[in-house]
Every structure is written in structure tokens, then in C-alpha cells.
Amino acid sequence: MVQVAPVAAGAGSGQTRPSSDPKTGWFVYMLAFSAVIGGFLFGYDTGIVSAAMLYVPNASGIKPLDSVWQEIIVSITPGVAAIGSLCSGPGSDFLGRKKIIIGASVTFTIGAIICAAAWTKIILLIGRILLGLAIGFASMIVPIYVSEASPSHIRGKLVTGFQLMITVGLVIANIIGGAFSYVDPDQVGWRLMFAFAAVPAIIQFVCFLFLPESPRWLYEHGRTVEAREVLTRIYNGHTEWVDYEINEISFSYEEELRAKAEHAGNGPTIIRILKTPHVRKAMIIGSLLQMFQQLSGINTVMYYTGNIIRSAGVKDNHTTIWISVGTSAINFLGTFIPIALVERVGRRVLLLVSMIGVILFLIAMGVSFLLINNDSLRTFDQQNYTLNYNPSVKHAAKCLKYSNCDFCVTDENCGFCESKVAKKGYCLPFPSDDSSDYSATGICEFSNLTNNGTDFEWEDTYCHTKFTVLPIIIMVFYLLSFSAGYAPLPWVLNAEFYPLWARSTAVSVSTACNWIFNLIVSLTFLSLSQAATKYGTFFIYCGCTMVALVFVFFFVPETKGYSIDEVEMLFMTKEERRKAQKVLDESKEGKHRNSVAMSFDTKF
């Protein structure tokens, strides 16, 4: 287990930390808000694709759209975001944090317009690729920019604002999706859903034309006067805090130059990270945090909220979207929990408690879908599949093997023809014209359904069950638990873990891990639901989160109360800390130094 005693104030630079927190003005909040619009765009895209994909498969020029194409269109964005996050690290070191954020807002605007105008599935895919690049840029650089441009006493709160805006984006996406679902949704409404994303992207672009670069980046690139001016605005004119931050940044930069001299010829920053044990350790821990966050299934729940609600037994698309508004609103409200507590109870405790809640509600989600499966109507015996039934129709043999409605409708090629009299049904294949309103053969074939409409009902994605509301209620508590800590804290911790010279590259790697596993989880959800059942899928996510809980308990340190540069020492061995202390003492040329007192008792 990690045990860390407090680092002496000012342990990084030798400058005594001011005894009282500064009063912050409007500027720092305006700066942080403008940056975390990137989080809003992240959340909006995650939420709007869930609503839009209820209608995109019916759009002229795009249909037919099978589950593989749907998974590609949904999942290409997180896949490309992984590439974008990796590229934005070196890019932000060279061009600056501000320019990368501006580039992200421009790319997002173009991507939203292309998605809205798409007349084929390929064009829609291109738009989704551009959105992925923009989100990758923003998800990596926004937490870094906010952490480097925030007063240390509210840094955790402001970085948590990134996650808050993700949840705001989710809420707005579902509201916009609900509103536009009444405007010819199959041809026009889904286009308006995608187009709306250009509005906040343009707002962010305009804001950043007037906002400064990160003071740490400015100092590192020799623009020390500008760095001091920006810090003066951030700290609202409190010169003792400005001097303290300048000393911290100066010491960190001197250490970077020393490290570069020691590792001359080692090549790119990533090679230096891998050859520096304590930074390598921090990057591995940070990357695993991001990986485990995605393996909890969160973005599966976000991307496929509509599918999950329909699977629970809600048939109407409008109702599905408005229920999504409620669930995303709970997610938004839950984000205020870490904002209120992150600087009081610390990152580590909040993360552990949140993960325990996620585990419990993943178990409950799995149980709820198991109950739905057991309660769904059974299929007739095979010998009863006689009336107008053609066993040679494509997928007929596969549909025939399913024993109940839930198993049947989970397969994308099958629907359930329910007998209102017998309280059983037939599992029948969809027709080749991609219609979901009737079966390709059997009693619910178009002509038969018309003649026998009062006796039979065709269900394409859901089953009648008395447990309909249960998964929806559990999903609300799952999202509340997740947003209370597991959502923001991997981002907060990764923004704090690394020294200045490694920060952009290490955060790029950890963010890429988030997006890669986002891609893996979202790309496999529909297929996994068919192979392992819906309830089995959530039990798998639960198992992954249990492993994550053990990992966090033993390997993730508390960073509350430390400056960004002090956090680096939490990952050092005792011998490395002694050497670091010696360098600190020598750098002050005999001046009295506060000693560094801490222990990092763990094996990694």
C-alpha cells in the first residue's frame, strides 16, 4: 500500500510557500472555462452519437447500416482520438498549449459540418474521423493547460471542471437530440444534432484568440517576462505567490536542462522517460488508470445509452432520448461531488470510494439484465414454426435456435414475433430490404402481420418484461458513482504526476491509452452482448473494475497538497530522493533548505 508523508513546503525550489491562499479573480475562471469547452465538445459528441444513431441507419444514401458499420461509425472517433492525443503532446511542446486548443476547435467545427452534410456513410465516417482528432487534441491538452495556468490551491477543482463540462456536454447533447428528434429525424434531425457541435467550437476559438499561453510553456521557451505577466493575472496581483511560482518553474526548468545534459544523445522525450525510473513508473501508473477507467464500460453506457434503454423494454425513440436526458443530468450533478471534495478528502480516497460504487452497480446492472432475460417470453418449439415459414431464408436457422425473446432481439439479424394470446413467440429473421418493421418469413411477415395484427406484435429490439425500469434506475446510480470520482480523477492525477520536461509526452501516452481502450470497449459492445449476453458483458466490466480497485489501493499515491513539481518525488525511491535532496542543497549554495520527508513504500 502507498504511504506518503507530507513533502515540506517548497520542497521543489527552496522558496517558502506563502502561508495564505491568494484571492482569485475572474480571469483565472474565464481562462479555465474557455479551456474546458473542450470537455463540453468531448461530452457532446459522446452523447449526440447515441441519439443520432437511432436515426442514421434510416437515412437516404446511408442505409443499409448493419451493426458492423454502426460500431465503426461510433468507434472511429475514440480510435482516431488516440492518435490525436499522441500527436498533440510533441505538438504542444513545440507550438504551445494555446495553439493546439485553437487547432482542436477549428478541426471540431469542420468535422461537425461534414457530419451534418454527409450524404453517404463514407462522408459521415470522414467527419467522425475529424471529430476524433479534435477530441484527442482537447482531451490531452486541456487538463495540462488548466493545471499549468491555475493557482495551486484550486488546481484540482479547475481541472475537475474538464470532467464537469464533459457531463454538461452529455446533458445538452441529449436535450438537443430530443428536440431535433421531432424534425424529420431520419433525414434532417440527426444532421442538426451533429451540426450543433460547431457552435461551442467556434465560441472556444474566439475566446482563445484573447487568452494567454501557459506560463510554464512561456518560461520554458525563454519568454520569462510574459510568463510573469500571465502569473500576475492568474494570482490576481499577489506578488509573493507569483515569486513562489516563478521559483518553482525556474527550478523545474533547471532540472530539465540538467536531465537533458545527463541524457544527451538519448533521443526523443519518450526514450528519456523510459530511461528515468521514477517518471517511467508515474507514466505506467497514469496510463493504467486511464485504461481501467475505460474497462469499467463507461463509454459503452454513454455511446449506447439508447440501445441499453431500448433493451430494457422502451420502444419509442423519443421516450428513449428523453430518458437519456435524465440519466446524463444525474451524471452532471454527480460531478459536483469531486469538485466539492477533491481538495478536502484528497484524490485517492475519493477515487477508491467511487470505484467501489461502480463495482456494486455494475453487478446490479448485470443482475437486472439477467432478470429481464429470465422474464422475457419463451419461443415456441421448432415444430410450431410452420405457418408461411421458410427455413431457407437467410439467418432463419440462426434465429430458430434462440430460446427466448431477449436472446432473440440481442442478435441484430433477428426479431421477436409475439403472440398476444399464447404469451410466447417466434424468433424470425429480418427481411433483406433492411426493414425492421416485420420479419422475412413466418407469421410476422408483412402480409401475415397485416392480416393478423391484433394477434401478433413484432419486436425488433426489446421484450415486454416487468423489469423494464430496473436497468434504467441502476444506470442512474452507476453514472452517479462514476462521476463522483472515477470520471475526473484519472485526468486530474495525470495532469499532476509528471515533471515539466515529460508532462506533455507522458500525458499524451496516458490519454492515448484512454482512447485506445475506449475504442476497444465501444467497438466490441454490440458483438460482446451477442456473444456473452448483455448481463455477461456487465459482469465482465465489473471484473475489470475489481482488478482496478486493487491496483489503485496499492499503487496510486495521494497528490493533494503538493505542487506539481513536488509530486514527481512521490515516485522516487529513497536513494533517488537522497540524490535529489543533494542536488537541491547544492543548488542553493549553502542556503538553508527545508528537508524532504516522505516514504513511498511499495513494490512496482
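Cβ atoms are placed via backbone N, Cα and C, with glycine included.
Since the structure is predicted, the reported quantities are computational estimates derived from the model, not experimental observations.
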Is it true that Swiss-Prot lists N388 and E568 in the same topological domain, i.e. on one side of the membrane?
no
Can you check how the pLDDT averages out over the topological domain 'Extracellular' (527-535)?
85
Same-chain residues near the transmembrane segment (158-178), Cβ under 8 Å, at least 6 residues beyond its ends:
28-29, 32-33, 35-48, 50-52, 142-143, 146-147, 150, 192-193, 196, 302, 305, 318, 321-322, 324-325, 328-329, 331-332, 334-336, 338-339, 342, 483, 487-488, 491-492, 495
Could you measure between N374 (N-linked glycosylation site) and N317 (N-linked glycosylation site) for me? Cα positions, answer in whole angstrom.
25
What is the separation, in Å, between the Cα atoms of N58 (N-linked glycosylation site) and N317 (N-linked glycosylation site)?
13
Which residues of the same chain, at least 6 past either end of the transmembrane segment (24-44), have a Cβ under 8 Å from a Cβ in it?
101, 104-105, 108, 134-135, 137-139, 141-142, 145-146, 149-151, 154, 158, 161-170, 172-173, 196-197, 200-201, 203-204, 207-208, 211-212, 233-236
Counting only CB pairs under 8 A, let me know which of 72-92, 100-120, 321-341, 536-556 has the most with the transmembrane segment (352-372).
536-556
